[in-house]
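Below: the structure, in structure tokens.
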Amino acid sequence: MTIIRKKHPLIKIINHSFIDLPAPSNISSWWNFGSLLGLCLVTQILTGLFLAMHYTSDTATAFSSVAHICRDVNYGWLIRYMHANGASMFFICLFLHVGRGVYYGSYNMIETWNMGIILLFAVMATAFMGYVLPWGQMSFWGATVITNLLSAIPYIGTTLVEWIWGGFSVDKATLTRFFAFHFILPFIITALVLVHLLFLHETGSNNPTGLNSDSDKIPFHPYYTIKDFLGVLILLMAFMILTLFFPDILGDPDNYTPANPLNTPPHIKPEWYFLFAYAILRSIPNKLGGVLALILSILILALMPLLHTSKQRALTFRPITQTMYWVLVADLLILTWIGGQPVEYPFIIIGQTASIAYFAIIVILMPIAGMIENNILDLD
């Protein structure tokens, strides 16, 4: 078996990635989320494939086909709710994975980090298009509002929006193409994940100290395969509790009403995992400014390697920046809450304050805190 594992052209790639991979001896449970994201991706592709067998991407029948899946298809209700709540689990793992990267300075592995940002954009695009497919009220109006933001692009904006819509409004052509893109993107994401891993294995994993761990490595299997398996069990338990006991808790009741272009819902809002970005978008009164802020809210992650001023990599031994980090986490939670609230006083001013704080913490306060910590170290 050892000979096949190490000599076979295909199996040796798997061996070097998941079995004989040298891993730091001290990586904590925060390093479990990579494997959990892989599990989420596989789950989403499988459940999505079975849903696609019964779904019809036509405005006249899309809503009915989802109802048919839930009522008439064997375990269709389970597949549908696993797919819908699987997206939420995917984003929970994604946010924790990115948060871990920011905390422990993993952004210094620039190729891996940038590929991660591309993956984040791809997953967000996929989730957005997936939300349109059931063709409920929030699907239709969410698609209308978000795609319409592209009209803020000078000169080509209106043409671009009509090109994406395939007409003069969100209609049959839009739904069909969104289904096509929603189907193909997860496979593109899978390819990007392999590139992400390729870049990661060029440098090796970071660790909680942020120090070089070349002198203290252990094989990935059995140590981290067992550790990852525990994470998988915990995730599956949380996932099945969510899916079987509270399947609609994260959804919007408006999406149980078929799409009606003549009736606007009182509060148009995206799924919970986009609310922080939606709050940043709404906090700027100018349309183009809002769109730029929306894109920058994610793209700012790409600036992190440039904004790193500390002599230390991780925040493990940096109490001032640690404080800034947890204020940033709290700020993101506030933005998520604001994104789900109506556009009225006092939510407008809270959203604007939280949006300014978000960019200020990342661009100004954390780099300054890093320099202060450097000076404190020099004093010693």
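Just so it is clear, glycine is given a Cβ too, placed from its N, Cα and C backbone atoms.
A Cβ distance under 8 Å defines the sequence-distant neighbours of the transmembrane segment (33-53), meaning residues of its chain 6+ beyond its ends; these are 69, 79-80, 82-83, 86-87, 89-90, 93-94, 96-97, 100, 182-183, 186-187, 189-190, 193, 228, 231-232, 235. The transmembrane segment annotation in Swiss-Prot covers 33-53 (among others), and the record cites similarity to another entry as its basis.
Annotation comment: Swiss-Prot describes 77-98 (among others) as transmembrane segment, evidence class similarity to another entry.
Swiss-Prot lists His83, His182 with the feature heme b b562 binding site, giving similarity to another entry as the kind of evidence. Look at His182 (heme b b562 binding site): DSSP puts it in a helix.
His196 (heme b b566 binding site) carries a helical DSSP state (H, G or I). If you draw a 10 Å sphere around the CB of His196 (heme b b566 binding site), it holds 21 other CB atoms from the protein chains shown. Under the heading heme b b566 binding site, Swiss-Prot lists His97, His196.
Annotation comment: Swiss-Prot describes 113-133 (among others) as transmembrane segment, evidence class similarity to another entry.
Summarising the annotation, Swiss-Prot assigns transmembrane segment to 178-198 (among others).
Feature annotation from Swiss-Prot assigns ubiquinone binding site to His201; the stated evidence is similarity to another entry. Long-range Cβ neighbours of His201 (ubiquinone binding site) (same chain, at least 6 residues apart, Cβ-Cβ under 8 Å): His16, Ser17, Leu21.
Annotation comment: Swiss-Prot describes 226-246 (among others) as transmembrane segment, evidence class similarity to another entry.
Residues or ranges marked as transmembrane segment by Swiss-Prot on the basis of similarity to another entry: 288-308 (among others).
Below 8 angstroms of C-beta separation, residues 99, 102-103, 267, 269-270, 272, 274-280, 282, 310, 347, 350-351, 354-355, 357-358, 361-362, 365-366, 369-370, 372-373 of the same chain, each at least six residues beyond the ends of the transmembrane segment (320-340), sit close to that stretch. Among the features that Swiss-Prot reports, transmembrane segment is placed at 320-340 (among others), with the record citing similarity to another entry.
Marked as transmembrane segment by Swiss-Prot on the basis of similarity to another entry: 347-367 (among others).
Sequence-distant contacts of His83 (heme b b562 binding site), defined as residues of its own chain at least six apart whose C-beta falls under 8 angstroms from its C-beta, comprise Gln44, Thr47, Gly48, Leu51. Taking Cβ pairs closer than 8 Å, the transmembrane segment (288-308) reaches residues 98, 102, 105, 107-108, 110, 113-114, 117, 120-121, 124, 149-150, 152-154, 276-278, 280-282, 355, 358-359, 362-363, 366-367, 370 in its own chain, all 6 or more past its ends.
Away from its own ends, the transmembrane segment (178-198) comes close to residues 17, 38, 41, 44-45, 48, 52, 55, 57, 112, 115-116, 118-119, 122-123, 125-126, 129-130, 132-133, 143 of its chain (Cβ-Cβ under 8 Å, at least six residues beyond either end). Against the transmembrane segment (226-246), the recorded stretches 77-98, 113-133, 347-367 differ in Cβ pairs under 8 Å, and the greatest number is found for 77-98.
Within its own chain, the transmembrane segment (347-367) has Cβ neighbours under 8 Å at 279-280, 282-284, 293, 296-297, 300, 303-304, 307-309, 321, 324-325, 327-328, 331-332, 334-335, 338-339, 341, counting only residues six or more beyond its boundaries.
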